[in-house]
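Asker: As annotated by TrEMBL, domain 'tRNA(Ile)-lysidine/2-thiocytidine synthase N-terminal' applies to 65-249. Residues or ranges marked as ATP binding site by TrEMBL: G68, A69, S70, D74, I100, G178, D183. What TrEMBL records for 292-322 is domain 'Cytoplasmic tRNA 2-thiolation protein 1 C-terminal'.
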Amino acid sequence: MEAGEAKSKKPRGPRLCCICNQRRPVLKRPKTLQQICRECFYEVFEEEIHQVIVKNRLFKSGERVAIGASGGKDSTVLAYVLSELNRRHNYGLDLFLLSIDEGITGYRDDSLETVKRNEVQYGLPLQIVSYKDLYGWTMDEIVKMIGLKNNCTFCGVFRRQALDRGAALLKVDKLVTGHNADDIAETVLLNILRGDIARLSRCTSITTGEDGPIPRCKPFKYTYEKEIVMYAYFKKLDYFSTECIYSPNAYRGFAREFIKDLERLRPRAILDIIKSGEDFRIATTTKMPEQGTCERCGYISSQKWCKACVLLEGLNRGLPKMGIGRPRGNLNGDHKKVTKAGATAKSIESKQCGSLDF
């Protein structure tokens, strides 16, 4: 009887996509662990980003929008998807590519070639702004002076300001960046580890700088890095995949490894960290820095001089460590100790900080 029943059972057919139930699955989504086909992956990936844009009202019809383009997977996928969604859903946006040339031989010069190809592939105008033109220094020159330990501090500060300067050149209304869910989760952890209350209170915001001249948006806020890589792979997008040669020892790298370990144990951990960051409430008794403008270059700053001006002054004086670390008191006071050797930084009010006044 049992043998007869066994013979009558039909063999199982191939597993099908859990969404369309028609095609063979080609991947398991890292975010949901669903096994889906390529076509359904494209659809859900793009639709999720569209819903983020719509629900958060990231854009208005007729706006000029700059896409921060590095040539890497995140910004390349962002440029491609945003172009597609703009056409498909009639956002009515004028899109531009904005790239920053930090001056890193063997890395940025190669990635910029990718961006130039993207300019042609997606039909989007490209603007390139360089550290050399803005600050008179390349990252190669800065690393020769400062070494590998603190170079990411210089690059991060200069890059944020350079993006705003480039956006101003393009006269755009918004600047979008390819920061993904992994990046934001890492930033939440970093700000906790550093005790940086000011940044912790805003690092999960999908739009920042709304009170400034050019707001920044993150359409990939809830998009996993692994899914971005899969999308780029299946779509055969042209992107640059080499890591920066100066970043192996970056502090963020340790947070990134921790996030990856958590994701392996529990894929939803990334979204849960972001949710925790969104729900943080800063005590009303906590004194927050007051935002103003730099007296030297006019950029946004909570001090009399912005971080970029302080770092640049240190470079120009041959005191590259002058702006490293958290400031204690007034950075511009006379005879402030800035190195172990007891070098002093006098008032930097009298010198220009570079061609920052576009």
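Just so you know, glycine gets a Cβ as well, placed from its N, Cα and C.
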Asker: For the binding-site residues A69, I100, which Cβ has the most other Cβ atoms within 10 Å, all shown protein chains included?
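Answerer: The largest 10 Å Cβ neighbour count belongs to A69.
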Asker: Which whole number of Å gives the largest C-alpha distance between any two of G68, A69, S70, D74, I100, G178, D183, the residues noted as binding ATP?
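Answerer: Looking at G68, A69, S70, D74, I100, G178, D183 as a set, their Cα atoms extend up to 19 Å apart.
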Asker: Using DSSP, what's the helix, strand and coil tally for the domain 'Cytoplasmic tRNA 2-thiolation protein 1 C-terminal' (292-322)?
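Answerer: Tallied per class, the domain 'Cytoplasmic tRNA 2-thiolation protein 1 C-terminal' (292-322) gives 11 helix, 4 strand, 16 coil.
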